[in-house]
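Trainee: Once you've had a glance at the structure underneath, I'll fire off some questions.
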Amino acid sequence: MELRLDGLSVDLDGRRIVRRLTLDVPDGRVVGLVGPNGSGKSTALRCVYRALSPDEGQVLVDGDDLAAMSMRDSARRIAALTQEGGVDLDFTVEELVALGRTPHLPGGRRLDARERELCRWAMARMGVSHLAGRGVLELSGGERQRVLVARALVQEPRVLVLDEPTNHLDVHHRLELLALVRESGVTALVVLHDLNLAAAACDVIGVLSEGALVAVGTPEEVLTEELLHTVFGVEATVVAHPRTGRTQLLYHLPTARKEA
Amino acid sequence: MRNTTAPPDPEAPLQSPPAPAPAPEHRPRRLATPAGTAVAATFLALFLLLSAVLAIGLGSAVIPPLETLRHLWAALTGGVISADEVTRHQVVWEIRAPRVLLAAVVGAGLGAVGVAVQAMVRNPLADPYILGVSSGASVGAVLVGVVGGLAALGVYAVSVGAFLGALAATLLVYAIAHDRRGVTPLRLVLTGVALSFGFQAIMSVIVYLAPGNEATGTVLYWTMGGFGGATWGTLPPAAATILIGVLLLRRMSRPLDVMALGDEAAAGLGVDAPRLRRRLFLLTAVMTGAMVAVSGAIGFVGLVVPHIVRILVGADHRRVLAVAPLAGAVLMVWVDLVARVVAAPRELPLGVITALVGVPVFITLMRRRGYLFGGR
């Protein structure tokens, strides 16, 4: 299933946060969205999981405009892992994962046997089966993040939208999560802060600066020393990973000269 | 088309590190299963029946349970009672039965609305009156009582005034809290609390300016709450509103669960939280208005029953909304009984008893179960 952001513009409180953003996520590909703080990455994603409606432009899945679909219909195709990880009520892990089935359950229907098996599988996949009966409010940040990923898997999406999915995760679970996204073959749009992680995990990277797309292409094409300097304001050396050959960045710590 | 979740394959190697041995569950929640909840609900329903019969029998004239049942049976089936029993029959059927049933209905409504309002504004301190409905109702009732008007409605005038006051307050709160992006939970709470102070000030002015003590009495009754005015006439509208309201809320159980994850996550799961919040706002306002109109504002039940029930059966709204109305009904029947028996022939304000009974129960459960609502 392919996802297309088509000329997306978003205004919040009179300020234009996203400017005419057009980005294609081909079927089964992982596309990363990177950019400095406040560049509009999360706002663009919110239009995809429909927490916001764009002021201009549209989001298309397989050519269908999301705005013409009910929220439940789009949630059957698109699952989101949002940054807001808080939960008000002390659900058990099992209950929280099962809520991922919500868009597939009309009215008050309960989970059937296949869906319960799916929940167990997703919890096992994310390594949280042992937490099934625990209250989610007792979990550590990383455990909760993995539970939320399990919830997204249970949604059986064909498009996965991840906003900073590696937040709170230790290095093992970070790599594990991105490997899972790649292996699953799902179409994915991922906001990442860690450029090395983005370079390792994404087929295509789009760079946002002040709401506009300033570069898009493979990690090698996009992550140049010049772009890192102009967009992110950092100095780095671009190298090829000695084993995988993928683009990686070695940062230079800024010296104190700017203070003078 | 490819799919994230291939059918679960038990042979698939799991990449995750070996899971630590299952930790012993440190908070056993035996009732937090569908079966456990069914047991709890059945027990509460039977206990409610028993409580109602006892409560109808008890009072300044004590009538044994079997005799109470005989009177109720005679009234329902059109049976015959002897002439010397007429007074007792009237006490049972005309005075106490509607009162106890109204207590059960209002208790059930407060329990259910409390659950819904806490979910709607995402705040554990919320209760059915937080959105200014009750103080608006009091102003409406007092205005009708003191200034007059609605005279054509006869004995229902004050109740109708209260209901209209409640609806007016609700619309005002909504209009103020609303903006282009809908109502945000915190703004709703702040508006409700602020307007409550405003309505209370208006009430004080009316009481101060009105001649005689009549206004003071009306205000006290409406702010403390009571079932002294219960008749077979006031019961059906309230009962029907609460019954339909509770059923509608139960149908929203899953969206209510999802809303507790935050509006963003809810959107990702196909739940339009702002729209759901609007519907909840309307539904809870009508239910609260209907309750306030017949019993005034009875504090504490709508705040504490949801928490007690969540401690017992877990957070799932399907289970909570099955048990909370019954728990609220049982609590209210007993509270009303205590209120009219302890200092008979005087009646204590219900709010006093709900707090005296509710606070220890709540604190005990909260400490024992390590209850969490959105934080530690």
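Each residue, glycine too, has its Cβ placed from N, Cα and C.
From TrEMBL, here are the annotated features:
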COMPBIAS  B:7-23  compositional bias 'Pro residues'
REGION    B:1-29  region 'Disordered'
TRANSMEM  B:37-63  transmembrane segment
TRANSMEM  B:100-117  transmembrane segment
TRANSMEM  B:129-150  transmembrane segment
TRANSMEM  B:156-176  transmembrane segment
TRANSMEM  B:188-210  transmembrane segment
TRANSMEM  B:230-249  transmembrane segment
TRANSMEM  B:280-308  transmembrane segment
TRANSMEM  B:320-339  transmembrane segment
TRANSMEM  B:348-366  transmembrane segment
Trainee: Decide whether the stretches the transmembrane segment (B:320-339) and the transmembrane segment (B:156-176) have at least 3 CB pairs under 8 angstroms, with pairs required to be 6 or more apart in sequence.
Mentor: no
Trainee: What parts of the chain pack near the transmembrane segment (B:348-366), using Cβ distances under 8 Å and only residues at least 6 beyond its ends?
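Mentor: For the transmembrane segment (B:348-366), the nonlocal Cβ contacts are 224-227, 298-301, 304, 307-308, 311-312, 331-332, 334-336, 338-340, 342.
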Trainee: Determine which residues of the chain contact the transmembrane segment (B:188-210) at the Cβ level, with the cut-off under 8 Å and only residues 6 or more beyond its ends counted.
Mentor: 120-121, 123, 126, 129-132, 134-136, 138-139, 142-143, 146, 169, 172-173, 176-177, 216, 219, 277, 281
Trainee: Are there residues at least 6 beyond the ends of the transmembrane segment (B:230-249) whose Cβ is under 8 Å from a Cβ of it, and what are they?
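Mentor: Residues packing against the transmembrane segment (B:230-249) from afar: 94, 98-99, 101-103, 105-106, 108-109, 112-113, 115-116, 155-156, 159, 256, 283-284, 286-287, 290-291, 293-295, 321, 325.
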